[in-house]
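Undergrad: A single structure is presented below for examination.
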Amino acid sequence: MTLLSTTPRPLIAGNWKMNGLSTALDEARAIAAGLDRRPAAARVAIFPPATLLHRLGEAVEGSFVLVGGQDCHGAASGAHTGDISAQMVADAGGTMVIVGHSERRTDHGETCQQVAGKAQAALAAGLEPIICVGESLEQRQAGEAVSFVIGQLRNSLPDSLAGQAFDVAYEPLWAIGTGHVASVENIVEMHAAIRTELVARFGEQGRATPILYGGSVKPENAREILAAPEVGGALVGGASLKAKDFLAIVEAA
Ligand code: 13P
């Protein structure tokens with residue numbers, strides 16, 4: 001198997017969630033400045049709240065930092081108060097968008113079908129979607145983690161992803177914001193199952209699709225996680241809010 005030539009650089013993605021006022025742009029500038037000192041071995045992206053997307057894009061312009069949205073609606077426009085479309089994310093300077101994050105699925109009752117629609121809308125707007133999946137603690141304890149996540153993946157990925165750039169993020173719910181990072185064994189098992197499903201569904205393309213791990217990734221554990229088989233990057237929450245920590249994770253890639 002000649003994976004080397006097709007394996008993309010790891011993606012280190014910082015999901016700021018509902019954090020960040022204007023002053024946080026300084027952290028983004030510090031991240032951009034930190035990357036400018038050497039060629040980045042990884043792709044680096046920041047996903048600020050929608051209110052900062054445009055300004056953050058301007059703040060890091062000309063650097064290695066990519067910017068993206070944390071969510072988008074499945075429709076291109078319309079009467080959906082409070083939502084933003086994929087086209088709006090692109091118009092604000094984003095090139096990527098996270099869809100199906102567990103906090104969206106939990107807080108807003110998003111279904112896999114809706115997530116697939118969002119991923120499709122992202123592609124239509126020229127964005128690279130990061131599609132998130134992950135099991136709850138109850139599902140893991142019941143021994144259903146892999147079957148649940150693979151089912152979620154199957155239903156959250158639209159067929160239109162074939163031939164398009166996209167990423168998958170595995171984020172076990174019990175590891176998000178808890179400091180309880182999944183064991184490398186758990187990560188390796190799940191990423192291997194996700195890889196098998198991606199290859200079954202998308203053939204050769206599925207071999208190269210980056211599979212990110214997310215859930216309490218910190219400078220202290222990033223190296224071990226990122227070195228694990230089939231881990232193609234990290235989706236980082238809390239530790240992406242401080243340039244120093246985020247850059248240390250990028251350094252570990
Ligand atoms: P934490 O890194 O804060 O656990 O968040 C992970 C996450 O949900 C990123 O999308």
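All residue numbers here begin at 1 and follow the chain in the order shown.
Here the Cβ of each residue, glycine as well, is placed from N, Cα and C on the backbone.
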Undergrad: From Ser147, Ser156, Ser216, grab the residue that TrEMBL records in the same substrate site as Asn15, Trp16, Lys17, Gly177, Gly237, Gly238.
TA: Ser216
Undergrad: How many other Cβ atoms sit within 10 Å of the Cβ of Trp16 (substrate binding site)?
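TA: For Trp16 (substrate binding site), the count of other Cβ atoms within 10 Å is 21.
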Undergrad: Where among the binding-site residues Asn15, Ser216 do you find the Cβ with the fewest other Cβ atoms within 10 Å?
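TA: Relative to the other binding-site residues in Asn15, Ser216, Ser216 has the fewest Cβ atoms within 10 Å.
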Undergrad: For the recorded substrate site formed by Asn15, Trp16, Lys17, Gly177, Ser216, Gly237, Gly238, name the remaining residues of the chain with Cβ within 8 Å of the site's Cβ center, in chain order.
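TA: Result: Asn19, Ile176, Val236, Ala239, Ser240, Leu241.
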